[in-house]
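Asker: Handing you a structure now.
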């Protein structure tokens, strides 16, 4: 059954259009920085926020009008309808990738065995849809935070039985990734951390988390399907202190446990804000360590201190993010997954399409602005000029080429230390000109 017959496929109509159901900036065929927008922006739809989110919150019940959930039948019947609705939305938008948690797509049933069977049935349906539409699986993951058994985490749980149950979920998830041709597999450790250090052996828990990841790698190799593994950092919520706190913390963990050759990072805007970082900072950190894998596209609310997962509309923030992504040479096999939910007051089914249009237009604007910054060498020239003392002075060259010693540097300071001339950063000017690049 079709749920959006009254909405035509979304097309690019430019900024003069008055059509709500049209792209004003995202033109998939437009060439930017040597590639089409569609090639530069591997957009993906998130099954959970798009299809299963009902608008309920701690203060009120469901608000969303979701016709695919109102037709009766079994939970499996509803799951099949959700797949149909999801792919219809993706086709309307021209989005080529999607992502899901295991419990998003299939009912968990009354046992793990029943859950496996439900997943098999629904992924048969997903595979049919993929073949019919050409839409691909960007990544999947296991929800290991909602069920009460995971209240203390999975690999970091104090109960070995919970560790085993989580392994069973990931084992199945990797099998489904192979079945559906997934290019990445995500771990988000929402409850992998500690509530209080008073009763926590942090070192032991992190050792166990590393063992869990190595077991996942071993199993992926055994089934001849080794996707790019992605860790998604977040500092808190739901756990008080999560072990994958931010990009730098996650990278330190991966390096310590010899996981860095298998893992990259899946970075989210709102998670960066929760740490107190900009999204640009997190992307730059990952890029510096050659670990930028994929991103979750959303934004928070500057006035709120939690993960609001709003659709991205802040052009300057996303332009700076796209600048880092372009400097990285793109996202490779990663993509731009809209881990974003419509506000509970945007309750019409059509709002799902309108919200994704807004997000896709924002990233298209950001792409054009970031490409212009790079083409004009606006920021790169400023950065190069700022560090010229390491190229144009004898002492700077000695530091760069490794011939400097503390003795030679001290001798230089004794002779010239009172003559140092500092440079102004002119940061206000830079920020002012940056605004000229916002599309």
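Using N, Cα and C of the backbone, Cβ positions are placed for all residues, glycine too.
When I checked Swiss-Prot for this same protein, it listed these features:
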type     : residues           : note
ACT_SITE : 101                : active site
ACT_SITE : 104                : active site
BINDING  : 232, 268, 296, 339 : Mg(2+) 1 binding site
BINDING  : 268, 271, 307, 309 : Mg(2+) 2 binding site
Asker: Rank aside, I only need the closest one: which of the binding-site residues 268, 271, 296, 339 has its C-alpha nearest to that of residue 101 (active site)?
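Answerer: Of all the candidates listed, 339 is nearest in space.
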Asker: List, in sequence order, the same-chain residues at least six positions removed whose CB sits under 8 Å from that of residue 296 (Mg(2+) 1 binding site)?
Answerer: 46, 232, 266, 267, 268, 269, 271, 337, 338, 339
Asker: Whole-number Å only: compute the distance from the Cα of residue 307 (Mg(2+) 2 binding site) to the Cα of residue 104 (active site).
Answerer: 19
Asker: Kindly assign residue 101 (active site) to one of the three DSSP-derived states: helix, strand or coil.
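Answerer: Where residue 101 (active site) sits, the three-state DSSP reduction gives strand.
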Asker: Which residues, sitting 6 or more apart from residue 104 (active site) on the same chain, put a CB under 8 Å from its CB?
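Answerer: When sequence neighbours closer than 6 are ignored, residue 104 (active site) has 47, 48, 51, 52, 143 within Cβ distance under 8 Å.
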Asker: Taking the centroid of the Cβ atoms of 268, 271, 307, 309 as the Mg(2+) 2 site, which other residues of that chain lie with their Cβ within 8 Å of it, listed in sequence order?
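Answerer: Near the Mg(2+) 2 site, beyond 268, 271, 307, 309, sit 234, 269, 270, 273, 274, 296, 298, 300, 308, 339.
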Asker: Pick the one among the binding-site residues 232, 268 whose Cβ has the fewest other Cβ atoms within 10 Å in this structure.
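Answerer: The binding-site residues 232, 268 were compared, and 232 has the fewest Cβ atoms within 10 Å.
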